[in-house]
Amino acid sequence: MLKLVQYIAPRVGGATPRPTACGWGNLLLISPRSGASSEKCITQRRHFLFSSASSSGTFASSSSLCTEQRQQFHGSRRNRETILFPSTYSSLQAQSQRAFRDSSKPDSDDYVDSIPKAEQRTRTRKSLFNDPDERTEEIKIEGVMAPHDRDFGHSGRGGRGGDRGGDDRRGGGGGGNRFGGGGGGGDYHGIRNGRVEKRRDDRGGGNRFGGGGGFGDRRGGGGGGSQDLPMRPVDFSNLAPFKKNFYQEHPNVANRSPYEVQRYREEQEITVRGQVPNPIQDFSEVHLPDYVMKEIRRQGYKAPTAIQAQGWPIAMSGSNFVGIAKTGSGKTLGYILPAIVHINNQQPLQRGDGPIALVLAPTRELAQQIQQVATEFGSSSYVRNTCVFGGAPKGGQMRDLQRGCEIVIATPGRLIDFLSAGSTNLKRCTYLVLDEADRMLDMGFEPQIRKIVSQIRPDRQTLMWSATWPKEVKQLAEDFLGNYIQINIGSLELSANHNIRQVVDVCDEFSKEEKLKTLLSDIYDTSESPGKIIIFVETKRRVDNLVRFIRSFGVRCGAIHGDKSQSERDFVLREFRSGKSNILVATDVAARGLDVDGIKYVINFDYPQNSEDYIHRIGRTGRSNTKGTSFAFFTKNNAKQAKALVDVLREANQEINPALENLARNSRYDGGGGRSRYGGGGGGGRFGGGGFKKGSLSNGRGFGGGGGGGGEGRHSRFD
């Protein structure tokens, strides 16, 4: 045993060997200090020494230990065993692994002896993670500030779902109320320039989209709070005029009778509100510049989609408007081409100017997809663009902003960082786009959006795009757009793309892997070119497990989830787009904004928490009027979603599995909590979780603490 420790010890502390102790059953193994002249001291590491299950554990040490070392552990240190030593054997392996990684931390004796004895007596055995499904434990010592302790200062955690009548700031206040507050964000402790810093950047409580504590900097569960970042005030008293009406109605469009216009709108399922120009029916009728038309012809577009046919005349006339359309309807071109025309009719950017057109998107994948379209159609007219999002280095993004770009595509959080730092400004912005506004509100970005819009001149042109039209999006449109035009493509009710064949398999949880294997075998056996396949699951761990399962059969497979770095995501998407890997396993980060040609199949290995996410997942196929197929494994654990799924299938004229109908009839659930705007839900996510049951008061997890229990979820669209 001693040889084992002697072998391990030099490899734990880096280049300089350090004495190391390790628990092995009921034994305490201690390595000598390699190269030291004396063995009169021993290093005691936090989370590293282990006792037996009883508080008075039995220790057997090497004969090489000196008297002082034995006294340290059997004498004066006996009172600390119950504090520093875990009392159970169940976490031995996890803690020993953590200890080897933490070998560079200060010696535990020095760490503890520096605490006044009065404070040592007040130590507690609270662990960082009390939830049974967590793998590691931390020991909290009052008076010692650790970067990851559960209680940080005076307002350590957001609360654990807490009392319904409690303080919103400490969780629980939102219980029973769909718009209730969540837990407050804990103080953030970090290390910078060798010093411990403490700040409170945001508070998860108070947001109307469920609960959610924050972990310091912008990591709130559920709705999360707004960032409390300083913004420079903007003076709008002396604004230079600008032009925003560039639309010239084509004679063919002007000469169409009201009957012809109405018939076309009915065929395309277009409904309008307000004074709306007639729709175009051909690219030649919109008077786009030659360089834009050349790119349209090069990419093989034959006719505008419904959202483009009706949206381009509105956007190019300078009007504010809201477009409600399902995924894959061509809305990106619906605002990018008018943006290019708008930019080319403005004064050139000067040094220090910000963008002329700003596009806000909820996710980095969608932002990158928008940038690709902007580059394809803007490069011929030298319209520069940049994409600003979190998860990537700031340096290159900052340089692009400082050099000047006519179009900036951004996620709200990263853009606020640059605005607060003075890296860019929005004084020249006259064309604003909010893409997937409903998704941004679901993700709790409303405070950030309002802060950004407050920096833009009020006479701007604003275009808002959404897949649904709930009252939260409607309120945002009324606040930002004023007198606006609204167009809807298809039904206002949430509905699936009718070009997608939907198959639902009601099965047991344990049989899903075998069913996936059979399904993939059938797809590959029945087609020489199976196309691309996306498999959606609920958790990051399951993504990794499923990728290993698929690769075990010799099939190339990529993975995307929130813990992947931006370079990893980019590599996986390049492989997927090029066809080198035609299977992608992902969480919901790929459910929106991922526009990849050739996706023929979408498989819902785990059914999502609500039908809105299901519709957006399967919307990755069947895009641009192509056909696609979706499969869903539906278990009894998803029974509360059965009624909503049956409604989605029935609206799309799909065949309904009798077992699913039986679940829908017998389900005792009615709506459920949910994590989106259609119900409350505790603070979701890894950094401040809560449950999704009705009025759940389930514990918050992770670093922020959970918000209060959500509402009863009676607002579900499919109740």
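Using N, Cα and C of the backbone, Cβ positions are placed for all residues, glycine too.
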Per Swiss-Prot record, range annotated motif 'Q motif' [choices 281-309, 397-425, 484-512, 629-657]: 281-309
Range annotated as motif 'DEAD box' in Swiss-Prot, from 275-278, 435-438, 611-614: 435-438
Same-chain residue ranges lying at least 6 outside the motif 'DEAD box' (435-438) that approach it to Cβ under 8 Å: 331-332, 335, 359-362, 366, 370, 464-470, 472-473, 476-477, 592-593, 677
Neighbour tally for S329 (ATP binding site), based on other Cβ positions within 10 Å of its Cβ: 25
Beyond the flanks of the motif 'Q motif' (281-309) by at least 6 residues, Cβ under 8 Å: 247-248, 250, 252-253, 264, 268-270, 316, 323, 325, 329-331, 333-334, 337, 340-341, 344, 376-377, 380-381, 487, 489, 624
Binding-site residues: K326, K331 - member with fewest neighbouring CB atoms within 10 Å: K326
